[in-house]
Each structure stands twice: as structure tokens, then as C-alpha cells.
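Q: Take this structure first; my questions come after.
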């Protein structure tokens with residue numbers, strides 16, 4: 001063995017002695033490295049990209065209402081590469097929502113929420129809710145017409161909630177505009193909560209292991225054992241590969257399709273619709289006002305939170321959960337129909353601006 005190889009071996013041995021890196025090589029089943037079972041890790045890669053790009057963007061962003069929009073347009077036109085960095089941040093935000101949703105769907109379909117993983121399912125729902133709030137607050141911060149109207153909806157919903165919504169309303173701190181308060185939430189409070197829950201999520205995955213495949217998906221059928229022929233370090237290498245593809249894809253999108261930002265908002269008009277992640281609520285808001293923005297997400301998350309407690313069967317087969325999968329499919333179909341209706345509908349006034 002060469003002297004250089006000996007040096008490398010000694011270096012890694014020293015790191016392992018101090019940080020226990022070799023303990024990451026614990027066994028995992030082969031399906032842990034399939035795309036469906038790496039969606040959660042891919043989502044985490046997206047979150048890391050967003051933190052890195054967000055830190056860069058924060059250097060030029062001014063959260064005060066009179067300057068926020070101009071500061072975004074300044075960085076887009078005057079700061080070298082800031083257009084690309086903001087594009088990566090924007091497209092990664094879209095991708096994180098998609099991969100988080102697909103991860104939720106995979107966990108739901110495979111029954112990975114079942115005992116003893118009920119708690120981790122609830123933690124995952126908390127992560128999804130925080131991700132949606134980060135997306136919403138990020139939409140507000142650019143403070144063009146879309147952001148301005150999103151902030152008006154935030155205030156309107158807070159007023160409907162009364163005392164429960166005080167934290168999200170101007171009444172809590174009348175001398176501080178809502179925009180910098182949402183900025184603080186976007187860059188500190190929500191990310192802190194997100195990474196605390198993410199740490200709990202990862203620890204619980206380590207404790208309970210990767211959930212087994214439904215019997216119908218096992219190579220040998222119901223009777224087949226699931227050998228642990230791979231290691232977690234294999235899983236991390238797979239995630240690294242997906243992460244590089246992820247970063248390359250969002251970088252290309254950032255260059256080819258940079259996100260637009262409109263001029264400073266005009267008060268007294270309501271001419272925009274919510275971004276795609278929330279546009280499915282738009283038809284309900286058209287018909288019943290702001291209340292569906294509170295009630296419908298609560299009902300949806302409430303249903304999802306009850307899933308592990310509705311499905312108590314010890315049989316992990318898809319067949320045994322046909323009724324729950326059908327119900328989940330109907331809920332998904334309803335959201336997709338509402339999303340299409342929201343896209344086809346024209347803008348309308350909802351908050352009396």
C-alpha cells in the first residue's frame with residue numbers, strides 16, 4: 001500500500017474514532033435505495049439548497065414595505081448571478097413541495113404510517129405544514145401585486161381567527177409592519193421549527209428502521225423475507241447522486257426560466273390569483289369567502305392525522321387497506337379538480353381591498 005493510501009486510511013480512521021462515521025454503515029433493505037423510498041431524502045436536499053440560496057439572497061433583501069419589491073428587482077438586475085441564485089431558490093421551492101407531496105403519497109400508499117411509526121407520521125405532517133408556510137411567506141416577501149394580495153389574505157384570515165390569529169395580524173405590534181414580521185418568520189422561526197422536527201423525523205426513522213414493502217410489491221410475494229443487503233452509506237451515496245441531478249435541474253430552470261417579479265403593488269385592487277400550491281383553494285374562496293382557507297386545510301390535515309389510528313390492521317397488504325386507499329384517492333382527485341378549476345377561474349375580489 002502506498003504512503004498516500006496509508007495517509008488517507010489514517011485520516012478516515014481518525015475521523016471515525018472521533019465521530020463514529022462507521023456506524024452509519026448499518027444495514028437497510030434493498031428497497032431503501034429505490035426512488036420512492038428516497039423522496040424524503042431528496043426533499044431534505046432541496047431544503048438545504050433553499051437555506052444556502054436564501055442566506056445569499058438575504059444580503060440584498062430589504063424587508064420594509066416601501067423597499068422590499070425594489071430590493072428584489074435590484075438584485076435581479078444589478079447583482080451578478082443573483083438572478084440565477086433567486087431562480088434556484090424559486091425552482092427548488094416548487095420542487096420541494098412536489099417531492100414532499102410525493103413522499104407523503106408513498107408513505108400513505110405503502111402503509112408506512114402504521115405502528116410503531118404513528119408518531120413519525122404526525123411529525124411528517126408538521127414538516128409538510130411548515131413547508132407550506134415557508135412557501136407562503138416567501139411568496140409575500142417579493143411584495144409585488146401577488147405578494148401584496150397574499151399578505152392581505154394573511155391579515156384577513158388572522159382577523160377571522162380573532163385572538164388565535166393575533167400573532168399573524170397587525171394588532172400584535174402596530175408599530176411594526178407585517179412584512180418584516182413575516183420575513184423574520186421566513187428566515188428564522190419557521191426554519192428553526194422545520195429543522196427541529198426534521199431532526200426528530202430522522203431519529204425516529206433510525207429507531208424504527210425503513211418500513212417494509214407491502215407484500216404485493218415484494219419480489220417473492222407474501223412469504224418472501226426482506227434481507228438487509230445494503231447499508232445506510234449506500235443510501236447516502238444514492239441521495240448524493242439524486243442531489244446533484246436535483247441541483248443541476250433547478251440551475252438549468254433558473255437560467256432558462258428565471259422567476260418573474262412584478263412592480264410595486266397597487267393598493268385597492270385584487271387582480272392576482274394564488275400560486276399553484278394554493279390555487280386549489282381559490283374556487284372555494286370564490287364561493288364562501290375566506291373561511292375555507294382555514295376550515296379546508298384543517299379538515300385535510302385532520303384526516304391525515306387520523307389515518308394511523310383508523311388503520312389498525314396488522315396486515316400490511318394493499319388489499320387490506322383498499323377502503324383507505326380509495327378514500328385517499330378520492331381526496332386527491334377532489335384537490336386536483338379544484339386545482340384545475342382554480343387555474344381556469346379568473347381573478348376576483350375576496351378581501352375587500
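Quick reminder: no glycine exception, Cβ is built from N, Cα and C everywhere.
Heads up, TrEMBL stuff is auto-annotated, nobody curated it.
TrEMBL lists these features:
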- 11-214: domain 'Cytochrome b/b6 N-terminal region profile' (DOMAIN)
- 39-61: transmembrane segment (TRANSMEM)
- 88-109: transmembrane segment (TRANSMEM)
- 121-141: transmembrane segment (TRANSMEM)
- 183-205: transmembrane segment (TRANSMEM)
- 239-257: transmembrane segment (TRANSMEM)
- 290-311: transmembrane segment (TRANSMEM)
- 323-345: transmembrane segment (TRANSMEM)
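Show me how these features fit into the shown structure, please.
A: Within its own chain, the transmembrane segment (88-109) is flanked in space by residues 36-37, 39-40, 42-43, 46-47, 49-50, 53-54, 57, 121, 124, 127-128, 131-132, 134-135, 138, 211, 246-247, 249-251, 253-254, 257, 259, 276-277, 304, 307, 318, 325, 328, 332, which lie at least six positions past its ends and keep a Cβ under 8 Å from the stretch.
Counting residues 6+ beyond its ends, the transmembrane segment (239-257) has Cβ neighbours under 8 Å at 35, 38, 41-42, 45-46, 49, 83-88, 90-92, 95 in the same chain.
Same-chain residues lying 6 or more positions outside the transmembrane segment (323-345) and placing a CB less than 8 Å from one of its CB atoms are 105, 108-109, 273-274, 276, 279-284, 286, 300, 303, 307, 310-311.
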Q: What residues in the same chain, six or more past the boundaries of the transmembrane segment (121-141), come closer than 8 Å to it by Cβ-Cβ distance?
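A: The answer is 61, 63, 68, 72, 93, 96-97, 100-101, 103-104, 107, 112-113, 147, 150-151, 154, 179, 182-183, 185-186, 190-191, 193-194, 197-198, 200-201, 204, 274-275, 277-278, 301, 304-305, 307-308.
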Q: As a test of reading the model: what is the averaged pLDDT for the domain 'Cytochrome b/b6 N-terminal region profile' (11-214)?
A: 93
